[in-house]
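Summarising the annotation, TrEMBL assigns substrate binding site to W64, Y69, R70, Y71, D130, R156. Annotated domain 'Fe2OG dioxygenase' per TrEMBL: 108-210, in sequence order. Annotation comment: TrEMBL describes N115, Y116, Y117, R201, L202, N203, L204, T205, L206, R207 as 2-oxoglutarate binding site. If you look up TrEMBL, you'll see H126, D128, H182 marked as Fe cation binding site.
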Amino acid sequence: MDSSDALLPRPRREIVPGAVHVPDWLDPAQQRALVEACRGWRGYRATRLPSGGVMSVRTVCLGWQWLPYRYSRTREDGSPVQPFPGWLADLGRRALADAYRRPAVDYHPDVALVNYYDDAAKMGMHQDKDERSPDPVVSLSLGDTCVFRFGNTEHRNRPYTDIELRSGDLFVFGGAARLAFHGVPKTLPGTADPELGLTGRLNLTLRVSGLAA
Ligand code: SIN
Ligand code: MN
């Protein structure tokens, strides 16, 4: 990115019905606070997939542990999952209301996947389909910019749209886009504002598990 790109406005954009990108939703102070919260959660681990592969992102879960391909109350080692804080649910409701421009008082996320991407990490095209609720997924990005690929509900291939998610950006997918395939083909190392104090990229997705507490 050269300096002139930073001056170009990035408007709110509906990518497909139900999928909305809201650039710069978190201001720098809110981003720093969220990075600090992410540092406080312990136990970022690369997830082992049943296929035998190991994910390149490192993940910590709140509320419920995502184990491919289900949710559990305990982590792989049997320890309890860290709680999903009330302030994060409030943030999710505000995010959804701003993205969809409607009240979101009935949105009650109870699970977060916090993913850390180092310079080499990426995420293949997949659906978020282990939740039993059709409620939207709220995604918040911090640190390095990434290329986020948002596709269709049928398969991993085209049509899809590549979007840059930068630090502070919000992305919501629900409704007709809730089960769309999506992934992160790459991050752009070194693009984070040094004042954020984060090397690499963090992404939080807030979801409604649909599971009984
Ligand atoms: C995810 O699909 O769960 C993560 C997306 C992202 O890192 O932006
Ligand atoms: Mn996902």
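Every residue gets a Cβ built from N, Cα and C, even glycine.
Projection of TrEMBL feature records onto the structure.
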| residue | record | CB count, 10 Å |
| --- | --- | --- |
| W64 | substrate binding site | 23 |
| Y69 | substrate binding site | 10 |
| R70 | substrate binding site | 10 |
| Y71 | substrate binding site | 20 |
| N115 | 2-oxoglutarate binding site | 25 |
| H126 | Fe cation binding site | 12 |
| D130 | substrate binding site | 16 |
| L202 | 2-oxoglutarate binding site | 25 |
| L204 | 2-oxoglutarate binding site | 21 |
| L206 | 2-oxoglutarate binding site | 28 |
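For the binding-site residues W64, Y71, N115, D130, R156, L202, a Cα-Cα cutoff of 10 angstroms around H182 (Fe cation binding site) retains R156. For R156 (substrate binding site), the same-chain residues that are 6 or more apart in sequence and have a Cβ closer than 8 Å to its Cβ are G124, M125, F181, G183. Comparing CA positions across the binding-site residues Y71, H126, D128, D130, the one lying closest to L204 (2-oxoglutarate binding site) turns out to be D128. Within 10 Å of the C-beta of H182 (Fe cation binding site) we count 27 further C-beta atoms, all protein chains included.
Proximity of D128 (Fe cation binding site) to non-local residues of its own chain (separation of 6 or more, Cβ distance below 8 Å) is seen for V137, R178, L179, H182, T205, R207, given in sequence order. Proximity to ligand 1 (Cβ under 6 Å from any of its atoms) holds for these binding-site residues out of W64, N115, R156: N115. Around Y117 (2-oxoglutarate binding site), the C-beta neighbours below 8 angstroms that are at least 6 residues distant in the chain are S56, V57, D144, C146, V184, T187, G200, R201, L202, N203.
Taken through DSSP, the domain 'Fe2OG dioxygenase' (108-210) splits into 6 helix, 47 strand, 50 coil.
Recorded residues W64 (substrate binding site) and L206 (2-oxoglutarate binding site) have their alpha carbons 11 Å apart, per Cα-Cα distance. Within 8 Å of the centroid defined by the CB atoms of H126, D128, H182, the record's Fe cation site, lie the Cβ atoms of M125, Q127, K129, A180, F181, G183, excluding the listed residues themselves. Annotated pair Y69 (substrate binding site) and H126 (Fe cation binding site), C-alpha to C-alpha distance, rounded: 12 Å. Each residue in the domain 'Fe2OG dioxygenase' (108-210) has a pLDDT score, and their mean in this model is 98. Across the structure, H126 (Fe cation binding site) and Y71 (substrate binding site) are spaced 16 Å apart at their Cα atoms.
Looking at the residues that bind substrate per the record, W64, Y69, R70, Y71, D130, R156, the two CA atoms farthest apart are separated by 26 Å.
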